[in-house]
Each structure stands twice: as structure tokens, then as C-alpha cells.
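S.K.: According to Swiss-Prot, the feature S-adenosyl-L-methionine binding site maps to Thr17, Leu67, Leu90, Thr109.
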Amino acid sequence: MKIVVYHAEECDRKKCTSLKLGRKGKFKIVSSLNQLPRGALVLNPFSEKAVSPEDRDMVLRRGIAALDCSWKKVKKSSVIFQTARNHRSLPFLVAANPTNYGKPCILSTAEAVAATLYIVGLKDIASDIMSYFKWGPHFLDLNRELLEAYSRAENSLEVVEIQKKFIGG
């Protein structure tokens with residue numbers, strides 16, 4: 001399974017989770033959008049469709065494409081969000097990384113990819129990715145109840161319903 005990350009060079013390279021996982025051989029880091037795999041699930045915080053277990057086959061066959069950029073600079077108009085299909089957003093989760101600890105929905109690239117893998121039922125791979133960070137296992141523990149609920153949903157609509165119940169929407 002491919003996990004390909006377009007790196008926008010907007011972060012502190014010493015703290016960058018995707019670069020660390022690239023060095024470990026877990027992520028392929030690319031500098032051109034043309035290098036993203038066709039048909040991959042594209043993590044897009046602006047997508048109206050949430051990641052769900054129904055995306056498992058797509059992830060296994062085509063992989064995951066993510067954008068590593070500053071949350072302060074990410075825009076709906078970003079080229080990556082215009083060039084591909086299969087866009088998915090993540091449902092409500094809380095960050096455990098030191099930069100954004102406790103902030104809802106402001107996940108690192110590693111957290112976002114691990115959450116995607118967990119939700120589609122690839123929990124062992126999600127745990128492996130998080131094991132490269134001291135705080136990584138805590139991300140899974142902190143969000144375990146939600147991740148388990150999302151991973152039992154049938155589809156994106158059910159994931160959104162679970163999220164609404166949790167946050168009171």
C-alpha cells in the first residue's frame with residue numbers, strides 16, 4: 001500500500017512528521033503533485049465526504065495521498081484539492097502532537113494518515129506509524145473511542161452522524 005505525501009516545505013523540518021516517516025521508509029515524500037498516485041484517497045480537510053470503512057479497498061489498491069503544509073497556509077484553492085478525485089476529510093479527532101496538543105481537527109500528517117488507516121480497518125499499520133513518535137500511541141489512545149466508532153460505520157454518512165452525536169451537533 002502506498003502512502004505518498006506532497007511536501008510543501010512550509011514546516012519546521014526537525015518537527016515534521018511526514019519527513020521523519022519518509023526517512024523511515026513509511027511514506028514516499030514528493031515535491032510535485034504529478035507524483036501523487038492516480039486514484040488514491042486524497043486527504044482534504046475541505047472535502048464534504050468523510051473517510052469511512054467503505055474506502056478500505058481504494059486505500060489498499062491505490063493508496064493514500066496527503067498534503068504536508070502549514071495549517072495557517074492551507075486553502076480550499078490549493079492545487080492538490082483541485083487535481084484529484086476521491087477526496088476525503090477526517091471526522092472530529094483531537095491532536096496529540098506537541099505542536100497542536102489538544103486542538104480538535106488540527107492533526108499532523110502522521111496523525112491524519114494513521115487515523116485514515118485506523119478508520120478503514122488497517123489498525124496495525126496505524127499503530128506502526130504512530131510508534132515512531134513518543135506521543136504517537138497517545139494519539140490513538142486519546143481518540144480510541146471515536147476511532148473505534150468511526151471504524152464500525154458503514155459509510156461516510158454514518159461517520160458524520162457519529163461525529164455529530166459526539167460533538168453535540
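Cβ coordinates come from backbone N, Cα and C, glycine included.
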S.K.: To test your reading of the S-adenosyl-L-methionine site: which residues beyond Thr17, Leu67, Leu90, Thr109, same chain only, put their Cβ within 8 Å of the Cβ centroid of those residues?
M.R.: Val5, Ser18, Leu43, Ala66, Asp68, Leu107, Ser108, Ala110, Glu111, Ala112, Val113
S.K.: Sequence gap of 6 or more, C-beta under 8 Å: which same-chain residues meet both conditions with respect to Thr109 (S-adenosyl-L-methionine binding site)?
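M.R.: When sequence neighbours closer than 6 are ignored, Thr109 (S-adenosyl-L-methionine binding site) has Val5, Cys16, Thr17, Ser18, Phe27, Ala66, Leu67, Asp68 within Cβ distance under 8 Å.
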S.K.: What residues, ordered by sequence, lie under 8 A Cβ-to-Cβ from Leu90 (S-adenosyl-L-methionine binding site) and sit at least six positions away in the same chain?
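M.R.: Residues satisfying the criterion: Leu43, Pro45, Ala50, Val51, Cys105, Leu107, Ala112, Ala115, Thr116, Ile119.
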S.K.: Counting across all protein chains shown, how many other Cβ atoms sit within 10 Å of the Cβ of Leu67 (S-adenosyl-L-methionine binding site)?
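M.R.: There are 22 such Cβ atoms around Leu67 (S-adenosyl-L-methionine binding site).
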S.K.: State the count of C-beta atoms found within 10 angstroms of the C-beta of Thr17 (S-adenosyl-L-methionine binding site), not counting that atom itself.
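M.R.: A 10 Å sphere around the Cβ of Thr17 (S-adenosyl-L-methionine binding site) contains 26 other Cβ atoms.
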